[in-house]
Amino acid sequence: GDPPRFCRDKLCSGDGDCSVWCTAGCNHDMGKCDTL
């Protein structure tokens, strides 16, 4: 639902920028948070 979609839309420079819902942390290739 909402958390994974939110993760993929959130820009990040490191895993610390991503919420606990973003189980894959920061996807550096895309510069966005991601889920597993």
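Think of each number as a place in line: the chain as shown, counted from 1.
Placed from the backbone N, Cα and C atoms, the Cβ positions cover glycine too.
Listed in Swiss-Prot:
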| type | residues | note |
| --- | --- | --- |
| MOD_RES | Pro3 | 4-hydroxyproline |
| MOD_RES | Pro4 | 4-hydroxyproline |
| DISULFID | Cys7-Cys22 | disulfide bond |
| DISULFID | Cys12-Cys26 | disulfide bond |
| DISULFID | Cys18-Cys33 | disulfide bond |
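Feature annotations (Swiss-Prot) mapped to structure.
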residue	record	CB count, 10 Å
Pro4	4-hydroxyproline	16
Cys7	disulfide bond	23
Cys12	disulfide bond	19
Cys18	disulfide bond	22
Cys22	disulfide bond	23
Cys26	disulfide bond	21
Cys33	disulfide bond	24
Between Cys33 (disulfide bond) and Cys7 (disulfide bond): CA-CA distance (Å): 5
Residue pair Cys33 (disulfide bond), Cys12 (disulfide bond) - Cα distance, angstrom, rounded: 6
Pro4 (4-hydroxyproline): nearby disulfide-bonded residues from Cys12, Cys18, Cys22, Cys26, Cα cut-off 10 Å: Cys22
Pairwise Cα distance for Cys12 (disulfide bond)/Cys18 (disulfide bond) [Å, integer]: 7
Per DSSP, three-state class assigned to Cys7 (disulfide bond): helix
